[in-house]
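Down below is the structure, laid out as structure tokens.
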Amino acid sequence: MFSRAGVAGLSAWTLQPQWIQVRNMATLKDITRRLKSIKNIQKITKSMKMVAAAKYARAERELKPARIYGLGSLALYEKADIKGPEDKKKHLLIGVSSDRGLCGAIHSSIAKQMKSEVATLTAAGKEVMLVGVGDKIRGILYRTHSDQFLVAFKEVGRKPPTFGDASVIALELLNSGYEFDEGSIIFNKFRSVISYKTEEKPIFSLNTVASADSMSIYDDIDADVLQNYQEYNLANIIYYSLKESTTSEQSARMTAMDNASKNASEMIDKLTLTFNRTRQAVITKELIEIISGAAAL
């Protein structure tokens, strides 16, 4: 009754909408799966933001007294005009970060400045040794400067740093066997909840401080007293840098998680719109098929 051409044409016309419908249904499943995944990630980022906000509030509260001690210790080098001798070449470079990520450019900014300092000091003929406080800074620099690493410290940033932690780091540096003449400690200084600045502060060895011209006016200072004060001074500066770095890290993580949550919301809105449009297209095609079939009858 029907010709072969007519049957072939009818078969093609009948199968094409079914293929499109299957394709659209698969697309809807993919979109639904992506929406579910993004919503789960958004829950995680919001939770991490809340945790970071609580840790940031504590870190900022503890930073104020630590900053007083740190700036007081640094004032000694400034007021006494202590400088590293030009003929001495041993330099110690300390980078302060932590073991945890998801906090923006906190760790990479420290690594970038340390690499720049290493290049500058090496070009000036200095012998540079590195100390990494935190596993992140060690992971970044160890690939390119493994031969210059003196010591690296882990388990940093999981708990609020204490003066005891700074004392352990200072004691480890003094007992490392590397008799540096001067050094620098690089850390992120907290400025506001959305801002921090990578800073570098000087540190000096006991011999450098004792042989400074400005220290000669204090004839009655005992050598043991000066040694104890210098060790305490080093621990103070490390403690100050740890507190500054921790506060900067928590504020940066809070900002990063807030941005991630906002980006997730935007993606959810776009995918929801795409889902609705695709579903509407499927419904429209099904209605066209029904109407066309009814008209053919």
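Placed from the backbone N, Cα and C atoms, the Cβ positions cover glycine too.
Since the structure is predicted, the reported quantities are computational estimates derived from the model, not experimental observations.
As written in Swiss-Prot, here are the features:
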MOD_RES   Lys39  N6-acetyllysine
MOD_RES   Lys49  N6-succinyllysine
MOD_RES   Lys55  N6-acetyllysine
MOD_RES   Lys115  N6-acetyllysine
MOD_RES   Lys115  N6-succinyllysine
MOD_RES   Ser146  phosphoserine
MOD_RES   Lys154  N6-acetyllysine
MOD_RES   Lys154  N6-succinyllysine
MOD_RES   Lys197  N6-acetyllysine
MOD_RES   Lys270  N6-succinyllysine
TRANSIT   1-25  transit peptide
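Known features from Swiss-Prot, placed on the structure.
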residue : record            : Cβ neighbours (10 Å)
Lys39   : N6-acetyllysine   : 14
Lys49   : N6-succinyllysine : 19
Lys55   : N6-acetyllysine   : 20
Lys115  : N6-acetyllysine   : 15
Ser146  : phosphoserine     : 10
Lys154  : N6-acetyllysine   : 13
Lys197  : N6-acetyllysine   : 12
Lys270  : N6-succinyllysine : 10
When distances run from the Cα of Lys197 (N6-acetyllysine) to each of the modified residues Lys49, Lys55, Lys115, Lys154, the nearest one: Lys115
Inter-residue C-alpha distance, the residue listed as 'phosphoserine' and Lys270 (N6-succinyllysine) (nearest angstrom): 46
Spatially closest candidate among Lys39, Lys49, Lys55, Lys270, the listed modified residues, to Lys154 (N6-acetyllysine) (Cα to Cα): Lys55
Whole-number Å value for how far Lys115 (N6-acetyllysine) lies from Lys55 (N6-acetyllysine) (Cα to Cα): 30
Cα-to-Cα gap, Lys49 (N6-succinyllysine) vs Lys39 (N6-acetyllysine), nearest whole Å: 15
For Lys154 (N6-acetyllysine), the three-state class that DSSP assigns: coil
DSSP-derived structure type at Lys270 (N6-succinyllysine), helix or strand or else coil: helix
Length of the line joining the Cα atoms of Lys39 (N6-acetyllysine) and Lys270 (N6-succinyllysine), in Å: 13
Mapped DSSP class for Lys39 (N6-acetyllysine), helix or strand or coil: helix
Distance [Cα-Cα, Å, rounded] between Lys270 (N6-succinyllysine) and Lys115 (N6-acetyllysine): 41
